[in-house]
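In what follows, a single structure is set out as structure tokens and then discussed.
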């Protein structure tokens, strides 16, 4: 008697699965992946030894801040002076309070942060409707990313999570909320500014001048408020240390340009050449990719209509605009495409990528690969090559050259393709 009942129950389960819509299946896929990666992350924390790099330095810098030091020049750790904006200090002060400065406790906090970031990234992909169901698992399989989050506890993890959250808010047409979170991400680490040119373009495409001004003002106010304890007493020390754009990294740690001779690597000419390339690529992508359907960059900026809105700026309309969310109807996929490619261009042109910098763009790689017309096998090969290059320690001339060529190949194919891939219908 039990066997027919079991067959009936099994048949009911099959019918239930058949009745599920595409979106239901995606939600189940995402929940399963989050559960799987939660278990994997917990296993890594328990079984893999922690790598001491910056945690002690972070805690020393926090100790100085909590102890009353407000001169940024005097906030130091065993790896050198503090070079991050004030949001870094507030967040790591909270982490120190929660963890008592104990590494094992910190790993648990960063494990939770890893899962939160993964959930936000899944939501971005869901909004964009780009990836097939099975490809979502690619976001869970990076050895280096797990290491950066739970074995090294870098502030890059916090900055990336906040940056991804802001992208999701932009996709949901919550521009002011997104700008606040984006500014918070910048206050943890300045690499988030790599998104800024493409973000500004999106605002020009979708918002009027008053709302653009209000959003920029909001981001600036966040920075001023966070930096106020330091700006009031030692303003130059704070600005020069927290927003130092002239730092020269050590050639040994470079993952992307190890094949470049050290004398060239540290030269000002090399830095200027990469900056020129960065700006040129942004203009090219804006003209031929991001603004393709508007017939180019200038029409997309809507400068003529923006000029007519200038008088509104003198009647405090940006202040009034702060009280409401903006009305913009930019396609969520277009938002993700412009922001992810803009950030990736900055990664390509960065003079030095250290190992933790992989967290700046790893979660966008499946997106960037599927936005191209590559065959799936080639997409997976490129992703694997990039992952392998980031796991070579120390980096070699061959690994850094392979990484650079993979980046260039991805970007060139995206620029040259004529048609964008179809939307996946998850509904």
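The backbone N, Cα and C atoms fix where each Cβ goes, glycine too.
The shown structure was predicted, so the numbers you read here are calculated from the model rather than taken from an experiment.
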Segment assigned the feature transmembrane segment in TrEMBL (from 131-152, 153-174, 175-196): 175-196
Residues flagged as transmembrane segment in TrEMBL, choosing from 216-234, 235-253: 216-234
Annotated stretch (transmembrane segment, per TrEMBL) among the listed ranges 106-125, 306-325: 106-125
Winner by Cβ pairs under 8 Å against the transmembrane segment (269-288), considering only 82-99, 175-196, 334-353, 392-416: 334-353
Range from 82-99, 106-125, 216-234, 334-353, 392-416 with most C-beta pairs under 8 A to the transmembrane segment (25-46): 106-125
Of 106-125, 216-234, 334-353, 392-416, whichever stretch has the most CB pairs under 8 A to the transmembrane segment (82-99): 216-234
Folded-back contacts onto the transmembrane segment (392-416), same chain, C-beta under 8 angstroms, at least six residues removed: 252-259, 281, 284-285, 288-289, 341, 344-345, 347-348, 355, 368-369, 371-374, 382, 385-386
